[in-house]
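Undergrad: Quick one: the structure is below, and I'll ask about it shortly.
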Amino acid sequence: MNLSKKANANSAASGLSLDRARDAWADAPGWARWSVYLLLVIGALLLPNQTIGSFMAPSSTDWASMLSDQIAIYVLLALGLNVVVGMAGLLDLGYVAFYAVGGYTIAIFASKHGWSFWETLVLAIVFSALAGVILGAPTLRLRGDYLAIVTLGFGEIVRVTAQNSSYVNGPRGIQGIPHPPTLSEFEIMGVQPLKYGLLDSRPYYYLLLFFIILTIIFVKRLDRSRVGRAWAAIREDEDAAELMGVPTFKFKLAAFAIGAAIGGSGGVVFAGKQTSINPDNFTFLVSALILAGVVLGGSGNIPGVMLGAFVVAWLPERFRFMQDYRMLIFGAALVLMMIFRPEGLWPSRRRKAELAEGTGGMGSMGAEVAGPGQAAAAGEVGK
Amino acid sequence: MLLEIEDIHVHYGKIAALKGITASVDQGEIVTLIGANGAGKTTTLKTISGLRSLTSGAIRFDGGDISSMAGHKRVLVGIGQAPEGRGIFPGMTVEENLLMGAYARKDDPSKELAEAYELFPRLAERKSQAGGTMSGGEQQMLAIGRALMAKPKVLLLDEPSMGLAPMLVQQIFTIIQEINRRGTTVLLVEQNAQQALQIAHRAYVLETGRVVKTAPAGDLLDDPEVRAAYLGGDLGDGEASAKGGKGSSGSEAAPRATRPDAPSSDDAG
């Protein structure tokens, strides 16, 4: 009891400081916000710089490729998963499946049928959205942890199918996926940002950055629309949402499809950069890490989710010099986070209120099991 | 009849929750369903509002068959519900919660919003407070106000008195009567039979998924069987209280602070 009180006080105190920043941000005039956005974009463009890299990736690992292969991909995937988990409140443990659908779409159509990168990108987005609908239509009648189990199974089905299908070379995977075609040879500050080759990772990072920015704009607009309100209602109380006239099933399906499409686009860039993929790229661990990023950062809050994904992608790489201990430390860091900041590093205000209530989103996960607080309350009534 | 349910059967898996319930609600009435835990009251309401699907039977509303209509569409034809456990959106403010109530409507909800604030001044004071941080009574007011935002023809209330202090129960019931007087038909599910029978016109008594009795509410207050089962039986002043209650039904709810509210098994313990 004492312990939990302390933790509460702790989080309340740190929450206060965030609140002040939030108020300032909410009251800031438009030009101030836009200049902050602009600065953030410039910062993101300068991120692959070696000076930053020497701190972020001191051991021999190449900072630019760490950014493109790990961090930017994870941030993009986390933004996609955030639509499903953070906004609509559906726990998806098989998100990697959509990433795989995107990757395999480009692998098959580009290497076997000679489609170009951009054509396959569109196709992959359509296919993964379709996969989202195919998974969602029968399963979205389930709630909370049941949905989580089914999605977990779906993620494994996709991977195991790829592993056992000779059409995609089983466990050996598909090689010879073409890089995206070079758009322009122009050079700025020693980088050719639109020339996609083998040696320089930075153009891929910029490509992902472009996708990330597009996704943020898209998702933010959705969040403020009727769709966003419907998702918030579904996340907080699905039955009540239906009673308000929200077509809950339709909106849940839409969340699945949109999240899947974003994940699929990540898979395309990944495959286009690596030039080869195999089923081992799409293990459950990827789903788990991305979900960890979403929850760790602050499910539902876009900057929080990006921060969480960054931490999840970067920490294990940064501490690679500790060899096998790094995973131990990473795990311990996650546990500590959940003790001291259960709502995530950078939660939205609304999410904090939902968590305080103990419902909403993944709060009760659909199972109505009395927590210690409720049991105590029931005890008092009994007296 | 505004709302008619005819011989509805509802199953949770293989377990039958409703075994043929027939009931009707006329325009302008307050009808209450009373019964013990597990009698099927909440399931009946959920079936009417479309959260549960029927195994057999029919639900007719306003002349049309809505038995297989999706839940979110029933809001548009005029069924509003304040669900069991209130179902407040905890992360939304009071105002956002109320506006969610008008989600299905295409027109401007500001008139209903003003009306909700007039009916529940308490909510007006707390417009920008998060729904999840409000007290039980305030949440109940919010749930009712939110259901009214859709301008329902019939308002389904699922245990509005649950977990509230007697004073608040009184207040909520007075407001339910006021809502009814303004023209909304009310179907009220209650465990607090005493209170419910005092404001209702008619009542159905449910037992394990069946209607065992139906009568004008005042008659049920006097019915010895009902009193024994749901009104705490004849425990001294029980009779006096029941008669007093009957007298006040229909008129302004009399202040009952001096009388024990809803003698139930809790009082014995």
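The count begins at 1 with the first shown residue.
Each residue, glycine too, has its Cβ placed from N, Cα and C.
Heads up, TrEMBL stuff is auto-annotated, nobody curated it.
I grabbed these lines from TrEMBL:
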{"type": "COMPBIAS", "residues": "A:366-383", "note": "compositional bias 'Low complexity'"}
{"type": "REGION", "residues": "A:357-383", "note": "region 'Disordered'"}
{"type": "TRANSMEM", "residues": "A:31-50", "note": "transmembrane segment"}
{"type": "TRANSMEM", "residues": "A:71-87", "note": "transmembrane segment"}
{"type": "TRANSMEM", "residues": "A:117-137", "note": "transmembrane segment"}
{"type": "TRANSMEM", "residues": "A:203-219", "note": "transmembrane segment"}
{"type": "TRANSMEM", "residues": "A:253-272", "note": "transmembrane segment"}
{"type": "TRANSMEM", "residues": "A:284-313", "note": "transmembrane segment"}
{"type": "TRANSMEM", "residues": "A:325-342", "note": "transmembrane segment"}
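Describe the structural context of each listed feature in the structure shown, including burial, neighbouring residues and relevant distances.
TA: Long-range contacts of the transmembrane segment (A:71-87) within its own chain (CB-CB distance under 8 A, at least 6 residues past either end) are made by residues 95, 98-99, 204-205, 208-209, 211-212, 215-216, 219, 222-223, 228, 231-232, 235, 255-256, 258-263, 265-266, 269-270, 286, 289-291, 293-295, 297, 299-302, 305-306, 308-310, 312-314, 351, 361-362.
For the transmembrane segment (A:117-137), same-chain residues at least 6 beyond its ends with a Cβ under 8 Å from one of its own Cβ atoms are 94, 97-98, 101-102, 105-106, 109-110, 151, 154, 158, 178-181, 252-253, 256-261, 263-265, 267-268, 272.
Sequence-distant contacts of the transmembrane segment (A:203-219) (same chain, six or more residues past either end, CB-CB distance under 8 Å): 41, 44-45, 47-48, 64, 67-68, 72-73, 75-76, 79-80, 82-83, 87, 180, 191-197, 262, 265-266, 269, 272-273, 302, 306.
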Undergrad: Can you name the far-off residues of the same chain, 6+ from the ends of the transmembrane segment (A:284-313), with a Cβ under 8 Å from a Cβ of it?
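TA: Same-chain contacts beyond the flanks: 70-71, 73-75, 77-79, 81-82, 85-87, 92-97, 99, 152, 155-156, 212, 216, 219-220, 235, 334, 337, 343-348, 350-351, 361-362.
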